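Accompanying notes for the structure given below.
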Amino acid sequence: MARMGLAGAAGRWWGLALGLTAFFLPGAHTQVVQVNDSMYGFIGTDVVLHCSFANPLPGVKITQVTWQKATNGSKQNVAIYNPAMGVSVLAPYRERVEFLRPSFTDGTIRLSRLELEDEGVYICEFATFPAGNRESQLNLTVMAKPTNWIEGTQAVLRAKKGKDDKVLVATCTSANGKPPSVVSWETHLKGEAEYQEIRNPNGTVTVISRYRLVPSREDHRQSLACIVNYHMDRFRESLTLNVQYEPEVTIEGFDGNWYLQRMDVKLTCKADANPPATEYHWTTLNGSLPKGVEAQNRTLFFRGPINYSMAGTYICEATNPIGTRSGQVEVNITEFPYTPSPPEHGRRAGQVPTAIIGGVVGSILLVLFVVGGIVVALCRRRHTFKGDYSTKKHVYGNGYSKAGIPQHHPPMAQNLQYPEDSDDEKKAGPLGGSSYEEEEEEEGGGGERKVGGPHPKYDEDAKRPYFTVDEAEARQDGYGDRTLGYQYDPEQLDLAENMVSQNDGSFISKKEWYV
């Protein structure tokens with residue numbers, strides 16, 4: 001017994017030593033089982049699970065390749081390849097699993113007609129000696145394409161005024177999908193959607209969406225589409241709403257130009273209703289139709305020529321299975337027809353403001369051009385103005401005082417030019433005026449004048465700072481027929497600092513006041 005216990009202990013130690021030796025053998029870590037980390041496939045399709053043994057050592061012997069599935073913490077054999085015994089596939093995979101290229105380095109299998117139960121973790125294991133077993137695992141996901149459809153409500157959709165209750169109009173379903181689908185709606189309707197997910201026992205999910213709204217006349221014939229997005233697929237299916245509503249009544253035929261003696265006019269009652277209106281009734285505000293007016297279903301005929309008795313408010317009532325609604329129109333009768341302006345006349349009338357604006361702009365430009373010409377002419381005239389000393393606008397100086405004469409007067413001409421018929425050489429008077437001889441002749445020639453002294457008349461005038469306008473005119477009248485002894489250009493005057501040149505050619509002192 002002691003020997004047997006010793007032998008057992010020695011065997012265990014020997015096995016451990018062999019394992020450690022195999023673990024530390026050169027190249028042991030390079031022996032790798034290569035698989036895909038994850039795979040997926042749809043129900044009913046085939047999937048290939050790859051598995052290979054990389055870089056086996058020459059001294060390592062492969063004894064078996066095994067595929068297993070991890071189930072609830074345990075391993076269940078799926079398929080086995082043994083070089084000595086061949087291929088073995090276990091139930092329930094016997095009819096759906098096969099090795100593609102069984103060998104010491106390749107353990108790839110094909111799993112056909114996938115089922116939801118095939119989803120899980122699969123292990124590919126290579127048994128070697130003396131290195132031991134090498135394995136890797138992959139995750140297989142089985143997907144289920146959903147079945148999608150849309151259906152409208154079986155109830156009748158009716159638009160009723162005063163009712164705000166939302167009713168179910170359509171349901172969109174994406175059934176038995178794995179993973180679940182994403183459901184949405186595409187529409188111009190002003191409703192709201194609600195969603196529900198149902199998890200089925202087999203792992204699939206059914207998504208249901210219901211669309212609700214308050215029916216209205218505007219919702220009739222509107223499109224409502226269900227959109228289902230699943231994986232890389234997109235499903236779209238739509239329906240058209242059928243909303244029933246009361247008639248919406250309008251009356252046509254009155255063009256605003258009904259006049260006396262007009263013929264062949266009528267009114268037509270049009271009702272927008274679902275279902276269509278089946279009954280029409282014509283009345284007036286007075287209750288009865290005028291003489292010569294005849295109602296035929298939806299049309300009101302005016303027999304014979306129009307007269308004033310046919311004027312009034314006409315009412316049409318339309319009825320369908322949902323209800324009765326009415327519309328009205330007021331008919332006015334005029335004595336004479338109204339002739340609207342032809343379109344071409346209206347178009348020309350619209351162009352009148354443009355023509356007027358163009359004329360006004362042209363006139364303004366012409367006025368500006370003329371004013372500019374006048375301004376330019378005045379500026380040129382101002383620069384070339386020589387002065388006019390005979391105007392009444394002057395404050396006339398006496399020609400002798402310091403206040404009435406510029407400080408720097410141009411030099412007197414030494415030789416004055418007289419007409420050819422003049423025999424005597426005359427001496428110029430002060431300021432180039434008449435000579436002393438002429439003054440003496442005017443006084444009668446009896447007076448004597450001191451040689452070299454000023455004439456008494458000039459001496460008296462020199463004492464006056466200026467002449468009045470009347471005196472200036474009188475002096476001009478007295479000297480009107482005379483000519484200046486000489487002429488000069490006012491622009492060439494060297495004006496004193498206390499004198500200011502005026503626009504009219506005159507000079508005004510800055511030091512004296514003029515009244």
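The chain as shown is numbered from 1 upward.
Placed from the backbone N, Cα and C atoms, the Cβ positions cover glycine too.
The number of other Cβ atoms within 10 Å of the Cβ belonging to N36 (N-linked glycosylation site), over all protein chains shown, comes to 13. Under the heading N-linked glycosylation site, Swiss-Prot lists N36 (among others).
Residues or ranges marked as disulfide bond in Swiss-Prot (evidence: experimental evidence): C51-C124 (among others). DSSP gives C51 (disulfide bond) a strand state. Neighbour list (C51 (disulfide bond), Cβ cut-off 8 Å, at least 6 residues apart, same chain): V33, Q34, V35, V65, W67, D106, G107, T108, I109, C124, S136.
In this view, N72 (N-linked glycosylation site) is surrounded by 5 other Cβ atoms within 10 Å of its Cβ, with every protein chain counted. According to Swiss-Prot, the N-linked glycosylation site annotation covers N72 (among others).
DSSP assigns N139 (N-linked glycosylation site) to a strand in the three-state reduction. What Swiss-Prot records for N139 (among others) is N-linked glycosylation site, and it gives sequence analysis as the kind of evidence.
If you look up Swiss-Prot, you'll see C172-C226 (among others) marked as disulfide bond. Mapped onto three states, the DSSP output places C226 (disulfide bond) in strand. For C226 (disulfide bond), the same-chain residues that are 6 or more apart in sequence and have a Cβ closer than 8 Å to its Cβ are N148, I150, A170, C172, V183, S184, W185, E186, S209, F235, R236, E237, S238.
What Swiss-Prot records for N202 (among others) is N-linked glycosylation site. Around the Cβ of N202 (N-linked glycosylation site), the number of neighbouring Cβ atoms within 10 Å comes to 12.
Swiss-Prot lists C269-C316 (among others) with the feature disulfide bond, giving sequence analysis as the kind of evidence. Applying an 8 A CB threshold to same-chain residues 6+ apart, the list for C269 (disulfide bond) reads V249, T250, I251, Y280, W282, R298, T299, L300, C316, A318, G327.
The feature region 'Interaction with FGFR' is assigned by Swiss-Prot to 282-299, with similarity to another entry given as support. For the region 'Interaction with FGFR' (282-299), residue counts in helix, strand and coil come to 0 helix, 8 strand, 10 coil, using DSSP.
Here Swiss-Prot flags N286 (among others) as N-linked glycosylation site. In sequence order, G312 constitute the residues six or more apart from N286 (N-linked glycosylation site) in its chain with CB-CB distances below 8 Å.
Swiss-Prot lists N297 (among others) with the feature N-linked glycosylation site, giving sequence analysis as the kind of evidence. The Cβ neighbour count for N297 (N-linked glycosylation site), using a 10 Å radius over every protein chain in view, is 10.
Around N307 (N-linked glycosylation site), the same-chain residues six or more apart in sequence whose CB sits under 8 Å from its CB are L260, G292, I333, listed in sequence order. Swiss-Prot lists N307 (among others) with the feature N-linked glycosylation site, giving sequence analysis as the kind of evidence.
Sequence-distant neighbours of N332 (N-linked glycosylation site) (same chain, six or more apart, CB under 8 Å from its CB) are G256, W258, A311, listed in sequence order. N332 (N-linked glycosylation site) falls within neither a helix nor a strand when secondary structure is assigned with DSSP, and so counts as coil. Annotated N-linked glycosylation site per Swiss-Prot: N332 (among others), in sequence order, evidence recorded as sequence analysis.
Summarising the annotation, Swiss-Prot assigns transmembrane segment to 356-376 and lists sequence analysis as the type of evidence.
Feature annotation from Swiss-Prot assigns region 'Disordered' to 400-486.
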C-beta crowding around C172 (disulfide bond), within 10 angstroms: 27
Candidates N72, N139, N202, N297, namely the glycosylation sites, that fall within 10 Å of N36 (N-linked glycosylation site) by Cα distance: N139
Shortest C-alpha distance to N72 (N-linked glycosylation site) - which of the glycosylation sites N139, N202, N297: N139
Chain residues outside the region 'Interaction with FGFR' (282-299) and at least six past its termini with a C-beta under 8 angstroms from it: 266-271, 307, 309-310, 312-318
Sequence-distant neighbours of N139 (N-linked glycosylation site) in its chain (C-beta under 8 A, six or more apart): D37, S38, M39, G120, V121, Y122
Length of the line joining the Cα atoms of N297 (N-linked glycosylation site) and N202 (N-linked glycosylation site), in Å: 64
